[in-house]
Amino acid sequence: MSIKAEEISSLIKQQLEHYDDKLDIEEVGVVTYVGDGIARAHGLNNVLSSELLQFDNGAYGIAQNLESNDVGIIILGKFDDIREGDRVKRTGRIMEVPVGDALIGRVVNPLGQPVDGLGEIKTDKTRPIESKAPGVMQRQSVNQPLQTGIKAIDALVPIGRGQRELVIGDRKTGKTSLAIDTILNQKGQDVICIYVSIGQKESTVRAQVETLKKLGAMDYTIVVEAGPSEPAPMLYIAPYSGIAMGEEFMYAGKDVLVVFDDLSKQAVAYRELSLLLRRPPGREAYPGDVFYLHSRLLERSAKLSKELGGGSLTALPVIQTEAGDISAYIPTNVISITDGQIFLQSDMFFSGTRPAIDAGASVSRVGGAAQIPAMKKVAGTLRTDLASYRELESFAQFGSDLDQATQAKLARGRRTVEVLKQPLHKPVAVEKQVVLLYALTHGFMDAVSVDDIARFEQELYTDFDANHADLLAEIKSTGKLPDENKLQEALQQFASSFSSSNK
């Protein structure tokens, strides 16, 4: 069979019509050094800062140091099978993590991969871990309270939705417990919680996840876990991954609480990476941009304007101090970035005052505006009363001849300290806190012995739940104190029955 020349030419024309002249150009570098979670690569001349890079073995890295002859890369995940001479290519993207409702109730690593053994996370939404914080005009003032359920915080250092409140203290002073209790209290408050664990022991994180599950808090919580055995880059990116997951909900108009436990370990991981990348060390061997490390993270916490949906992201960063030294480099940095701090003191903790919140050193710079009017009224003088009690207490040790007024102040102070104590994982609803503090400030506890204050508190809640639920409901719905005559009458009835049963 002979093929005609015109048929050949028409076939060639057809082929040429459908020919797609597309070239895939990849910029590829060669690994010249690898170790301790970092790599150096030669040949990536056009790579951008913070660009995501991919190694031959499928592992990813982030370009950190752009130098004249090579690029310093931090490796995300295992680096055992990356060798000198391996290829590394540009992706043209920046690091992103999966986000959305599918992550709620799950435990993930900083890359958003599940580590809880409950199967893959089905979501097609992602967000970059680094994003610009909302500007001044995209925000509004903090105006809604975030109830922690911890009496000492809600009364003395109130937190608002969209605020950044630092939790600071030595090791073993109850910082993590305080954060977990705050998450537990968000049940039924329509707040999504994200707990970012940085460098915490895996057994500790497991125990916390079990606590959250047992008390029904995993229904609205995501846990991001970077254990101490993970390479330093994972600890470094963990907070950014956590806040990116939170931003997805914030920009959807929801309220989010993100706990970073703790940022001291992230700073140490960043110091390690910076020294390995041969960046010049500064104070305490931290690099010069360690302030920016935390400021660019915490500035992403905001209460968005109504035009953007009015969502909020509240940040609770945790910082560990050494021997109560809050004037060290990282603590002072984070104190200056945040809107207040809750200082936990080891002396108070070991003497049995738990939560061990030092009312004198703790402050909330914006939360007062978000406090409900009823709480503002009953807790108004509490801080000054506590401060004067501490002062009087130190003077009272030197002499026993105290006048009546001073003795009354000391007695009220002892009861105040006792009222602010709280057992672990037992958050108190704000309306009950208001009633309790009203009873304290109006003298209904003056006749109760200090040892009986805890029992007085529990029986007061039981009595109000049974006989005065309307008063509690009114405080909850309006945020204001109910008719004071009714409230005083109810408290008088209870106080008289309590004291008579004690005689």
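Each residue, glycine too, has its Cβ placed from N, Cα and C.
As given in Swiss-Prot:
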{"type": "BINDING", "residues": "Gly169, Asp170, Arg171, Lys172, Thr173, Gly174, Lys175, Thr176", "note": "ATP binding site"}
{"type": "SITE", "residues": "Ser362", "note": "site 'Required for activity'"}
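What Swiss-Prot annotates, mapped onto the structure for a quick look.
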{"residue": "Gly169", "record": "ATP binding site", "contacts (Cβ under 8 Å, 6+ apart)": "Lys175, Gln320, Thr321, Gly324, Phe343, Leu344, Gln345, Ser346, Ala356"}
{"residue": "Asp170", "record": "ATP binding site", "contacts (Cβ under 8 Å, 6+ apart)": "Gln320, Thr321, Glu322, Ala323, Gly324, Leu344, Ser346"}
{"residue": "Arg171", "record": "ATP binding site", "contacts (Cβ under 8 Å, 6+ apart)": "Gln320"}
{"residue": "Lys172", "record": "ATP binding site", "contacts (Cβ under 8 Å, 6+ apart)": "Ser346, Phe349"}
{"residue": "Thr173", "record": "ATP binding site", "contacts (Cβ under 8 Å, 6+ apart)": "Leu344, Gln345, Ser346, Phe349, Ala356"}
{"residue": "Gly174", "record": "ATP binding site", "contacts (Cβ under 8 Å, 6+ apart)": "Leu344, Phe349, Arg354, Pro355, Ala356"}
{"residue": "Thr176", "record": "ATP binding site", "contacts (Cβ under 8 Å, 6+ apart)": "Gln200, Thr204, Gln208, Asp261, Val318"}
{"residue": "Ser362", "record": "site 'Required for activity'", "contacts (Cβ under 8 Å, 6+ apart)": "Leu156, Val157, Gly340, Gln341, Ile342, Phe343"}
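Cβ neighbours within 10 Å of Lys175 (ATP binding site), excluding its own Cβ and spanning all shown chains: 25. Under the three-state DSSP scheme, Thr176 (ATP binding site) falls in the helix class.
For the ATP site, the Cβ centre of Gly169, Asp170, Arg171, Lys172, Thr173, Gly174, Lys175, Thr176 serves as reference, and the other residues of the chain with Cβ at most 8 Å from it are Gln320, Leu344, Ser346, Phe349.
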